């Protein structure tokens with residue numbers, strides 16, 4: 001048996017979108033196999049299939065040489081495949097010991113939980129990992145996220161894991177915690193555990209991995225021993241020959257910046273952020289999850305106070321204490337999660353569109369002017385081509401794309417000067433996506449300044465006049481014109497600081 | 001170590017409640033003559049038994065993140081069944097089984113709808129509360145049940161070593177369920193389900209079975225409390241047990257069980273029951289109008305849930 005885990009020709013599609021197209025993946029005992037790729041490359045789908053959260057449409061999985069069907073996370077755990085997620089899945093109120101053993105208790109002959117033996121086993125486990133174990137009886141919630149993660153690794157070992165999957169484990173760890181995690185991963189590898197390691201941070205992969213597989217568009221684009229590949233090669237494979245759509249723009253960039261951000265800092269989220277945004281311009285913000293893009297946008301919008309730095313809007317220095325102030329000044333913010341922050345799902349389309357201007361709709365005696373509400377809603381439904389049976393339709397019954405258009409309409413009804421879009425097309429069908437793209441371009445052509453955060457490289461490349469790239473809270477590159485390439489952007493997003501002609505922020 | 005350990009004990013809700021109880025006992029024994037009398041104290045214990053027994057089950061339900069507002073009606077329904085059978089001359093053992101069975105069936109019904117039908121617990125049990133109450137009207141036809149045979153009343157009124165027998169039973173039940181919650185895998189699963197259902201699912205805990213279990217146990221315990229009630233008062237009316245749910249929930253919540261789920265102890269609920277009982281008893285002795293008793297209990301419930309929510313918010317940030 002050469003491999004502990006072997007995936008052969010795995011296919012998986014979601015509603016017409018092919019997420020995996022015949023992926024092969026192998027793992028040996030005692031190796032760290034890194035898996036890299038852009039968002040949407042298919043990494044998470046593959047991991048979900050291996051960890052039992054999804055079943056493949058086609059393809060075979062062999063585990064210890066035998067074909068297996070992993071149809072639940074429970075099953076995966078029982079045969080020895082454990083996953084350590086980015087956000088640890090813990091019981092914060094229960095003790096560390098219970099977090100390790102719940103679901104697989106050691107029992108006394110009477111069926112009671114044998115706390116003593118559990119504690120002994122946990123102690124020796126922690127000792128073997130070189131970890132302190134004085135906190136075994138403390139509530140899990142009192143541990144740092146880094147320690148919680150290590151506890152879950154210990155839990156995997158209780159299940160006698162032969163394969164451990166790490167899904168971006170260092171994204172929320174401090175440097176010190178990352179070092180400790182690496183030490184432990186090496187120890188596990190030396191004990192013969194097979195490790196699948198997913199990370200966007202290429203420098204980590206060169207430090208920890210023995211092999212690396214690069215995925216793009218649901219396929220494996222390359223698989224190398226780590227010594228036989230360099231950073232440039234990996235980036236090239238991740239970026240590939242991206243098919244970038246063109247979009248017609250009139251190019252009416254104004255002369256003076258509408259928004260000018262200088263040295264904006266809010267530790268630990270972002271540091272020294274400076275950029276200008278002109279009327280009629282679409283400024284793309286690219287970066288990995290946790291790179292601080294959303295935090296910057298929300299701080300500009302008045303949801304958080306910056307520690308230092310200045311924001312100039314429309315010619316004067318501003319410091320918005322609340323989103324309301326920012327809205328009054330002419331900024332609209334379309335949040336990332338439209339279900340939580342953007343919509344009132346059980347209210348009507350008309351209500352959702354006009355809720356931001358409710359105050360202007362109020363007539364004497366505090367009664368809402370229903371006719372005006374209807375007029376505003378009808379205008380936007382027409383302009384944005386929202387497909388809804390009528391004005392009274394409840395928003396949750398619309399498609400994702402049309403829901404997103406309603407959110408957009410809601411913010412456009414306040415006639416903003418600056419529109420901040422956070423992942424404007426996430427989870428939306430292709431047709432609506434391109435409609436929303438056209439709409440954004442149209443708005444910019446009319447002189448609106450647009451700040452567009454997106455994790456989808458094709459979208460960033462298609463829509464942006466300029467691209468700001470962030471990595472771990474800092475701007476690592478600003479690209480426009482011929483510099484605006486997939487490769488440059490990925491390199492900056494994975495932490496390579498780019499020297500850009502003209503400097504950052506111009 | 002001992003220092004921080006001691007501080008942890010001080011920080012626990014149980015300790016605060018115990019402190020309040022001591023304070024009130026001192027207060028009431030100074031301001032009223034009858035509070036510290038043997039007859040009053042044993043009367044207090046008699047009244048408390050039913051609340052404490054039901055609070056055991058309610059603690060488990062609330063730890064899973066649920067609630068059951070039908071306990072009062074369940075108690076009432078069980079006491080109707082028990083009362084009718086007792087008057088009809090059936091054996092005490094059969095009556096005991098019927099009271100337990102009535103509660104168990106109601107609890108299973110609630111639990112099934114909540115666990116398998118995904119109906120919110122507050123709605124299921126609110127509906128059940130109303131249904132049971134109107135069934136009681138039907139069964140009693142507006143009349144009282146009285147003339148309960150004295151043999152059974154030992155459960156409600158008898159004493160052993162000066163302490164009511166019902167209190168002894170309560171103590172045994174509390175000991176058993178405390179052991180169950182702290183040492184049995186299913187007991188720990190109850191905390192897991194309330195603390196993080198997603199994590200519980202991934203670790204292979206059966207969410208539905210656990211949910212069904214806690215409502216069934218609460219039903220059975222409330223049924224038993226119904227029998228204790230009949231044995232103590234010797235009377236069943238159509239409004240028997242109405243308002244009882246508030247008392248039980250108050251005891252559990254005051255005792256430190258988090259309404260958000262995942263945290264709580266039965267000992268805490270017992271202390272909570274004592275606190276509520278002493279407040280009620282003391283205010284009667286002080287001749288305070290019955291209205292303000294509800295006022296005090298209501299304020300205490302809201303305060304203790306507020307503490308939970310503020311605490312949870314602090315942990316998240």
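Here the Cβ of each residue, glycine as well, is placed from N, Cα and C on the backbone.
Remote same-chain residues near the transmembrane segment (B:15-32) are listed as 9, 254-256, 268, 271-272, 274-275, 278-279, 281-282, 285-286 (criterion: CB distance under 8 Å, separation of at least six residues from the stretch ends). Per TrEMBL, the feature transmembrane segment maps to B:15-32 (among others).
According to TrEMBL, the feature transmembrane segment maps to B:44-63 (among others).
Annotation source TrEMBL lists transmembrane segment at B:94-116 (among others). Sequence-distant neighbours of the transmembrane segment (B:94-116) (same chain, 6+ residues past either end, Cβ-Cβ under 8 Å): 57, 66, 68, 70, 74-75, 77-79, 81-82, 85-86, 124-125, 128, 132, 152, 207-209, 211-224, 226-227.
Annotated transmembrane segment per TrEMBL: B:122-140 (among others), in sequence order.
Marked as transmembrane segment by TrEMBL: B:160-181 (among others).
The transmembrane segment annotation in TrEMBL covers B:212-231 (among others).
Here the transmembrane segment (B:252-279) has long-range neighbours at 12-14, 17-18, 20-21, 24-25, 28, 44, 47-48, 51-52, 55-56, 58-59, 62-67, 170, 174, 177-178, 181, 191, 193-196, 293, 296-297, 300-301, 304-305, 308-309, 312, meaning same-chain residues at least 6 beyond its ends whose C-beta is under 8 angstroms from one of its own. If you look up TrEMBL, you'll see B:252-279 (among others) marked as transmembrane segment.
Residues annotated as transmembrane segment in TrEMBL: B:291-310 (among others). Long-range contacts of the transmembrane segment (B:291-310) within the same chain, counting only residues at least 6 positions beyond its ends with a Cβ under 8 Å from a Cβ of the stretch, are 13, 246-247, 249-250, 253-254, 256, 258-260, 275-276, 279-280, 283-284.
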Can you see whether the transmembrane segment (B:212-231) and the transmembrane segment (B:44-63) are touching - at least 3 CB pairs under 8 angstroms, only pairs 6 or more apart in sequence? yes
At a C-beta cut-off of under 8 Å, are there same-chain residues at least 6 beyond the transmembrane segment (B:160-181) that contact it? List them, or none. 38, 42, 45-46, 48-50, 52-53, 56, 60, 63, 154, 187-188, 190-191, 221, 228, 231-232, 265-267, 270
